[in-house]
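Right, one structure below, let's go through it.
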Amino acid sequence: MSFMDQIPGGGNYPKLPVECLPNFPIQPSLTFRGRNDSHKLKNFISEIMLNMSMISWPNDASRIVYCRRHLLNPAAQWANDFVQEQGILEITFDTFIQGLYQHFYKPPDINKIFNAITQLSEAKLGIERLNQRFRKIWDRMPPDFMTEKAAIMTYTRLLTKETYNIVRMHKPETLKDAMEEAYQTTALTERFFPGFELDADGDTIIGATTHLQEEYDSDYDSEDNLTQNGYVHTVRTRRSYNKPMSNHRNRRNNNPSREECIKNRLCFYCKKEGHRLNECRARKAVLTDLELESKDQQTPFIKTLPIVHYIAIPEMDNTAEKTIKIQNTKVKTLFDSGSPTSFIRRDIVELLKYEIYETPPLRFRGFVATKSAVTSEAVTIDLKINDLHITLAAYILDNMDYQLLIGNPILRRYPKILHTVLNTRESPDSLKPKTYRSETVNNVRTYSAGNRGNPRNIKLSFAPTILEATDPKSAGNRGDSRTKTLSLATTTPAAIDPLTTLDNPGSTQSTFAQFPIPEEASILEEDGKYSNVVSTIQSVEPNATDHSNKDTFCTLPVWLQQKYREIIRNDLPPRPADINNIPVKHDIEIKPGARLPRLQPYHVTEKNEQEINKIVQKLLDNKFIVPSKSPCSSPVVLVPKKDGTFRLCVDYRTLNKATISDPFPLPRIDNLLSRIGNAQIFTTLDLHSGYHQIPMEPKDRYKTAFVTPSGKYEYTVMPFGLVNAPSTFARYMADTFRDLRFVNVYLDDILIFSESPEEHWKHLDTVLERLKNENLIVKKKKCKFASEETEFLGYSIGIQKIAPLQHKCAAIRDFPTPKTVKQAQRFLGMINYYRRFIPNCSKIAQPIQLFICDKSQWTEKQDKAIDKLKDALCNSPVLVPFNNKANYRLTTDASKDGIGAVLEEVDNKNKLVGVVGYFSKSLESAQKNYPAGELELLGIIKALHHFRYMLHGKHFTLRTDHISLLSLQNKNEPARRVQRWLDDLATYDFTLEYLAGPKNVVADAISRAVYTITPETSRPIDTESWKSYYKSDPLCSAVLIHMKELTQHNVTPEDMSAFRSYQKKLELSETFRKNYSLEDEMIYYQDRLVVPIKQQNAVMRLYHDHTLFGGHFGVTVTLAKISPIYYWPKLQHSIIQYIRTCVQCQLIKSHRPRLHGLLQPLPIAEGRWLDISMDFVTGLPPTSNNLNMILVVVDRFSKRAHFIATRKTLDATQLIDLLFRYIFSYHGFPRTITSDRDVRMTADKYQELTKRLGIKSTMSSANHPQTDGQSERTIQTLNRLLRAYASTNIQNWHVYLPQIEFVYNSTPTRTLGKSPFEIDLGYLPNTPAIKSDDEVNARSFTAVELAKHLKALTIQTKEQLEHAQIEMETNNNQRRKPLLLNIGDHVLVHRDAYFKKGAYMKVQQIYVGPFRVVKKINDNAYELDLNSHKKKHRVINVQFLKKFVYRPDAYPKNKPISSTERIKRAHEVTALIGIDTTHKTYLCHMQDVDPTLSVEYSEAEFCQIPERTRRSILANFRQLYETQDNPEREEDVVSQNEICQYDNTSP
């Protein structure tokens, strides 16, 4: 079939001779401009094909020319270009049309189409214009997007209530039929009841003469009328305006069209001259012309329909409570005339065993739900209220205060309920429905009203409010004649069914487009339940989806709902006939010699027997069981459920003992959780009675026979209670989903997880498709679709979150204290399920374990363990799921009490992202005797075994605070168990990282005295003494003077302005004045004590600095402590200033962010080997000739590097020798050398030589290796290459150094895009792997050519370096800010910048100082007045500096001057900041003395300091200030163990 044959209009038509071509001129209306409108393009092609098919064309070229004449720009321009490229004689007409279609076709925008539909309504457009526009828009819909029934439902939502109700009663089967019925209904209404229309709310009928305005419709075009926001531009008309349909099948062909009527001034109704429509006599004689014409036959539109009239219920919300009986069960009922439908609680439905049927989703909010919620289940209820029998349908809710709520539709249908329950004043007779019957005699229709069978003639002067029709199908099914009514004048068409829409079907604010439209949507289902309309009770914002309700199926895409509605349901259908086709069947193998059960039924009560019979009958109906003649029999028992119903269980214990076990391991829950990774959206599925969906092996069915008091039955499906049933089911589910990595299956619980909604729909489709193929049914109400958080196997799983369920934690928290071993075991069993959330769980639970093992009595220790476990679980951190692409760090620890570990996820900067899991284990008695090294290794091995499913085969970091691993690996003959551990350890890929530990003997941090400057320890405040300060305080004195308690004041001149301001406020403002009061001679502001100015610092010192009341917290906490008790003006401002100038806070609190100083890179190198940088790589294992260090020298221009093997004993003289031999002799003398402050570079010999050679030596600031970033980056690459090359021969790493240097210099750099060799030499040296061509031939250049080539490379390289430097500055300086200091300023220095890390750093101050700035090096580096004993340089980068904020009034004491005063105040020494070994003096800081000042103590005076304080400050001084012994930086070390971990890593 050709492309043209697939387009409407492309079929075969009778051919005419080509001479007829002049008779087919170009049609201006048949044009295509090239808009991306698929509907218009298809119409254009169809019309063109239709016209051309009627002519005999000589060739394809003439057909192309004819089609081209109907194209306008830009389509015409495309056609010209296409024909010129292809050649008009070379292409076929089919190719031309196909090209046009592919170029301009655009798939329709479904959202835009639906938005356009929502703007249509019969009330605005009239029925004909509605039909025309709806059809035009609907034709743009993809053919398979929606079923015919869904299209009908969508269309009927646009009709007025009158038309809507009548159309759905006729059950149209196609959209065309629905539109036809709507047109006929509207036409009939106009002819029956001229001059009447509904008012705005549709509740009453008012008389009005309709004047039809002569208005025209604009031709509807998708691009012109579908705007970006989806609104449709239309011409406004009266809601009763209906343009005649000239081509309607019930209209005569000779009838003039509407345009002709307008042109010739004809009546729209009778088509005659001389009058208008509202004056037409023929139209007024409506009762004499009731039959509508039809082409085929004359059919009356409405047969005899009884018309029922109800007395209007007052428009008020009447409510009443009443207890009614349903099936002898008392039900608490609310009669509410304000509710638009009826509801019933789920527990009553289950108790009364009502049959539940599905409905489209109903969204509601109000009395029955505080938030928007959705339900899609309903039941039919038969009620009897006094002598009134009622049948109603009610939606099912999970939670509601009342068990049943009967709403307005039922109360309007049965007014007698109002008289009985709500006590209305109408008499019972007046509340009886009045029935009107219509009869047609001699083509004249008359109406009669019937009351108790006595008809009387009446004159009908208004439109009927209710139409009532008998449903014969319902009557046949239920044995009675159920009446279905249709309301035309009420807001809710409740007479058809209470489960209907509340909003106006014709309203433009309809919300149907916000909900998925089900495939099975229909106007009226066969059982009489109208359930196709998506119902709302209150309007909901678009896309406002509430996921709190259990029914989330409606949130899925439409195509998923349509595809899988049959398998996602709340009821379990009968056993399908092809269930035996399932590849898995359950069999029962009996042990040899075992006897099958032959047991009698248990005794049951009559009530229980009835329950058993009901359940058995339901199983029989579903074909799950059949009557049996088996020789076996097992008894049954009834197990009560939480909702009061029962579950039938078969006692298969005897059968299970005789069955051969078939164990199949269930998946580990922690393994399942580890697969979630970075999932963002989740769905949980629960199979509906999963066991009952697997058939029994026919030969083994008789073994499942069970006996009840009324008979014997056997299962055709797998029953619950069989010993091997879980294995069969688990094996079946594992085989079904084994290859899907996005699915976790645990028996009948299924979790689907994805990283995006689009991916999730595909995953969900895959899983549901397999379930559908296996005939497995999913229980809808237990599923949760497409949510960001869900519950699975007792865990709450969300985005980057795994947490225990709160109600499970609450159950553990409320668990009573165990008194017996059994209770203790039960408690630990609950704890063990969540032990992954509890750090050191085994250690905490050890006292309970001792009690269970009868090694201890229950004491206070066990009580504390219980409380600790409960607190740890309830306050447990939220774990993050394992992500195979992330970086992980495992930290282990071991002690005599047990071993523990924590697995953490870290980012690329080694910062913590979250905890993945905890592990802990108690030690056995023998393990407690292991040496410390083996015990630490045991902890590592156990932790690796526990997290093996995550870490094996993945690189990670292993942290431990013990060097056991290295020492044990170096043993010649380790113990056998250690050897096994080391072999096991070798199967993992990890980097070993040792936690920093103490290397010097220091005092215990806990026993150390405070060594920083702190204000005097505050004493409790004596508020009585404040009275003496009132006179000098401006506020207090003003208040006392106003209260006549004070006549004179002592306010200082500085405070006089504030004093006068307070006086003025007290005189003029009542609000200000009433806040102050005097009690016991103390001034209060409201209920807070007013603090004088001179006592404000004392209050802040107490609540900020005091060891009991303070704690040096921040502004918020300190304000919260002070403000409820004390008051003074600008209280918050005072607290902010006080804390900002607190010395202790400045020293101990981390400064965030520490991004001071803008990035200032080194100047760009001018040429090759003019500017070089160098550094050392240390920590290498010694080689056979004792080489254990590498000198790295890098040309900052070409990035070429030399790696020179040497020894750590290298001194300055030997360093100079290496530079001459390997650098200067090959490349000449550089202008600058950049390095760190290594002792070899700071040596006098090195400095003297570089000075004589004219080399400028630039060094980094203290502890800031980023200054020499070039060397640091090169060393990182060198370390990686060493691990790759020397992994199998670590003792001879120096052998591989030349190869590593060649590989490094041959590799292009990211900055320059070329290799260092190419930049330096002008060519890439030849290698065996490549042929020598291109730039390699540069070696054969002439001298002039080579010079030109190198010069070009130099210019290009400088430009690239400058560009890279600008980009680096731009990227790094975005989050930085400059810190500008002046000479003489005091600053605090971060401990990481200058001082050595030691033990107990958590209790050490973060900043030290203050120190004075003595010289500015540049904007990023300053020289400080550091102590003269310090050998390190005094230049510090601003990254580690913080301005010291000075508070003069915080230091009330002066420093001691005389020796006697120093000795007397020796106990006030708080810190040692320097030692002058020449003069044997000690520089100290003292309490309450300005910290910028130091006190010099002689050696004899220093010995007078209390011993405890002296030892403490000396220990702190050694730890923070002394020079490090090892000049090498630890981060450059490549340890033996690190190299071993990279045996499989390529460079």
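Backbone N, Cα and C atoms are what each Cβ position is placed from, and that goes for glycine too.
What you are looking at is a predicted structure, and each value in this text was computed from that prediction instead of being measured.
Cross-referencing D670, D686, D814 with the Mg(2+) 1 binding residues that Swiss-Prot gives (D748, D749) picks out D686.
Of the given residue ranges 265-282, 913-930, 1183-1200, 1381-1398, Swiss-Prot assigns the label zinc finger to 265-282. Annotated range for region 'Integrase-type zinc finger-like' in Swiss-Prot, selecting from 66-105, 346-385, 386-425, 1106-1145: 1106-1145. Each of T684, L685, L687, G690, Y746, L747, I750, K782 belongs to the same chain as D686, D748, D749, is absent from that list, and has a C-beta within 8 angstroms of the C-beta centroid marking the Mg(2+) 1 site.
Cα-Cα distance from D686 (Mg(2+) 1 binding site) to D336 (active site, for protease activity): 37 Å (rounded to the nearest whole number). For the pair formed by D749 (Mg(2+) 1 binding site) and D336 (active site, for protease activity), distance between Cα atoms is given as 41 Å, rounded to the nearest Å. For D748 (Mg(2+) 1 binding site), the Cβ neighbour count at a 10 Å cut-off comes to 20, with all displayed protein chains included. A straight line from the CA of D336 (active site, for protease activity) to the CA of D748 (Mg(2+) 1 binding site) spans 42 Å.
Helix, strand and coil counts under DSSP for the region 'Integrase-type zinc finger-like' (1106-1145) come to 21 helix, 2 strand, 17 coil. Averaged over the region 'Integrase-type zinc finger-like' (1106-1145), the predicted model reaches a pLDDT of 82. Cβ-based neighbour count (10 Å, all protein chains) for D749 (Mg(2+) 1 binding site) stands at 18. Cβ-based crowding with a 10 Å cutoff singles out D336 as the top-ranked of the recorded positions D336, D686. In this view, the densest Cβ surroundings among the binding-site residues D893, E936 belong to E936, judged by other Cβ atoms lying within 10 Å.
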